[in-house]
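Asks: This is the structure, below, for whatever I ask next.
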Amino acid sequence: MGIAEAKKLYIETLGCAMNVRDSEHIIAELGDKENYVLTNNLQEADLILVNTCSVREKPVSKLFSEIGKYNLQKKEGAKIGVCGCTASHLGKEIFRRAPYVSFVIGARNVSKISTAVNTEKFLSVDTDYDESTYAFGEYRNSLYKAYVNISIGCDKKCTYCIVPQTRGDEISIPADLIVNEARKAAQNGAKEIFLLGQNVNNYGRRFSGNVERSMDFSDLLNLISEIPEVERIRFTSPHPLHMDDKFLETFANNPKVCKSMHMPLQSGSTHILEQMKRGYSKEWFLNRALKLREMIPDVSISTDIIVAFPGESEADFDDTLDVIRQVKFEQIFAFKYSPRPLTKAAEFTNQIDAEIGSARLERLQLLQDEILDEIAAKHLNKTYPVYIDELRNSGFLAGRSDNNALVQIKGDESLLGQTVNIKVTNPKRLSLYGEIVL
Ligand code: 5AD
Ligand code: SF4
């Protein structure tokens with residue numbers, strides 16, 4: 001008897017890095033336990049999985065249009081499964097709207113994927129399920145950089161955000177597991193370790209199994225930096241509220257910690273920040289961001305901003321623009337407020353017209369484009385060490401400078417996984433083009 005032919009898995013991942021990592025775990029589990037291999041040809045797939053996001057309405061509506069389409073295109077007998085944040089928040093409603101779906105597993109239930117594929121109709125969406133110490137198999141999208149979870153869930157109660165409902169309360173993963181995983185990935189060639197959590201700098205408040213340990217995020221960064229094979233450490237997302245001096249100093253002084261910080265502002269208005277329950281003021285945010293700029297002249301700072309949150313006045317929005325002018329973020333992810341079910345802000349009675357939101361988003365982007373042109377111009381003729389980690393379809397090799405600028409050069413795969421000095425010859429807003437110098 002021959003070995004049974006592998007089944008084919010087609011997986012689509014929406015949303016954030018946490019979801020990308022969950023998909024890697026799913027691929028590993030299905031590969032190790034159920035004999036699945038990946039395909040990017042939908043028609044030959046035995047299992048079609050959509051790993052969803054629910055942070056805004058758009059990805060939720062996209063889910064239903066995607067699976068509707070897949071149901072028409074799939075080969076006979078192929079199963080469709082839904083996992084991730086929308087699976088958590090809609091649960092069995094997904095079976096009602098799309099009866100052809102075989103299973104729905106929530107964001108915190110990834111380890112149940114094997115059971116799900118072997119069950120007629122399977123639903124598991126608990127948000128208090130603890131898989132923080134579950135030993136997933138090894139699968140990574142990239143050989144050169146590795147995502148490593150450090151916590152799951154989120155304890156914050158930001159009034160616009162659905163994530164605490166989809167990913168549950170925050171639990172930190174024990175440091176020894178994190179260090180082992182980082183070491184293994186680095187020894188396999190991933191010189192860059194990317195630590196993941198909803199609120200990474202709140203690490204260590206509560207561990208799985210309620211184990212008592214004394215370890216905060218700064219300690220964890222230092223511990224991981226002791227692994228000789230690890231050359232670069234990145235992380236997302238930190239919370240501005242927990243950016244105390246110890247954290248900023250560790251960030252600034254540990255040479256393996258890359259000098260790019262994500263600081264999700266959300267709004268520059270202290271009044272709106274209160275309505276959002278963010279826990280900090282405009283002044284605190286500016287103080288932390290400007291302190292970082294002072295401590296590390298080359299630091300890059302990125303941010304998330306929500307415009308047209310309920311009750312946002314012109315003056316509130318001007319405060320946001322003011323913070324943008326003062327901090328000059330290297331990257332902004334700006335979104336129009338999207339009311340989410342199960343959140344406080346969706347109940348607020350002072351919702352803002354969609355057109356006002358679109359106009360504000362446009363104004364914000366015009367300002368940011370000016371800032372990006374200014375920043376890009378400063379890169380001309382500068383030389384940066386760049387860790388090359390991707391060969392793009394365009395024929396360009398791509399990598400990141402220590403402070404996270406995307407840099408591209410012409411070249412072949414022999415440079416993948418290497419750090420090379422690149423002189424910038426053509427700086428653009430979203431990417432710097434250059435050539436190797438010795
Ligand atoms: N509407 C718009 N944007 C949102 N985000 C989170 N919730 C919402 C919402 N209801 C944004 C925040 C967060 C990013 C991941 O998504 O800016 O930082
Ligand atoms: Fe989307 Fe948030 Fe879930 Fe990530 S955690 S997939 S951003 S809803």
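Quick reminder: no glycine exception, Cβ is built from N, Cα and C everywhere.
Quick paste from TrEMBL:
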- Cys16, Cys53, Cys85: [4Fe-4S] cluster 1 binding site (BINDING)
- Cys154, Cys158, Cys161: [4Fe-4S] cluster 2 binding site (BINDING)
- 7-122: domain 'MTTase N-terminal' (DOMAIN)
- 140-374: domain 'Radical SAM core' (DOMAIN)
- 377-438: domain 'TRAM' (DOMAIN)
Asks: Let's check the environment of Cys53 ([4Fe-4S] cluster 1 binding site): how many other CB atoms sit within 10 Å of its CB?
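Replies: By my count, 23.
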Asks: Of Cys16, Cys85, Cys158, Cys161, the binding-site residues given in the record, which has the fewest other CB atoms within 10 A of its CB?
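Replies: Among the binding-site residues Cys16, Cys85, Cys158, Cys161, the sparsest Cβ neighbourhood within 10 Å belongs to Cys16.
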Asks: Out of Cys16, Cys154, Cys158, Cys161, which binding-site residues lie by ligand 2, with a C-beta less than 6 Å from some atom of it?
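Replies: Near ligand 2, sequence order: Cys16.
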Asks: Tell me the Cβ neighbour count for Cys154 ([4Fe-4S] cluster 2 binding site), meaning other Cβ atoms within 10 Å of its Cβ, over all protein chains shown.
Replies: 22
Asks: Same chain, not part of Cys154, Cys158, Cys161: whose C-beta falls within 8 angstroms of the C-beta centre of the [4Fe-4S] cluster 2 site? Give them in sequence order.
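Replies: After dropping the recorded site residues, what remains is Lys156, Lys157, Tyr160, Ile162, Val163, Pro164, Gln198.
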Asks: So which of the binding-site residues Cys53, Cys85, Cys154, Cys161 sit close to ligand 1, that is, with a CB under 6 Å from an atom of it?
Replies: Cys161
Asks: Measure from the Cα of Cys53 ([4Fe-4S] cluster 1 binding site) to the Cα of every one of the binding-site residues Cys154, Cys158, Cys161, then give the nearest.
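Replies: Checking each of Cys154, Cys158, Cys161 against Cys53 ([4Fe-4S] cluster 1 binding site), the shortest Cα distance is to Cys161.
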Asks: If I take the alpha carbons of Cys85 ([4Fe-4S] cluster 1 binding site) and Cys154 ([4Fe-4S] cluster 2 binding site), what is the distance between them in whole Å?
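Replies: About 13 Å separate the Cα atoms of these two residues.
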Asks: Could you tell me how many residues in the domain 'TRAM' (377-438) are helical, how many are strand and how many are coil under DSSP?
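Replies: Computed counts for the domain 'TRAM' (377-438) are 6 helix, 34 strand, 22 coil.
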Asks: Where does the mean pLDDT land for the domain 'TRAM' (377-438)?
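Replies: Over the domain 'TRAM' (377-438), the predicted model scores a mean pLDDT of 96.
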Asks: How many Å lie between the Cα of Cys16 ([4Fe-4S] cluster 1 binding site) and the Cα of Cys158 ([4Fe-4S] cluster 2 binding site)?
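Replies: Cα to Cα, Cys16 ([4Fe-4S] cluster 1 binding site) and Cys158 ([4Fe-4S] cluster 2 binding site) are separated by 18 Å.
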Asks: Cβ within 8 Å of the [4Fe-4S] cluster 1 site's Cβ centroid: which residues qualify beyond Cys16, Cys53, Cys85?
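Replies: Neighbours found: Leu14, Gly15, Met18, Asn19, Thr52, Ser54, Val55, Pro59, Gly84, Thr86, Ala107, Val163, Thr166.
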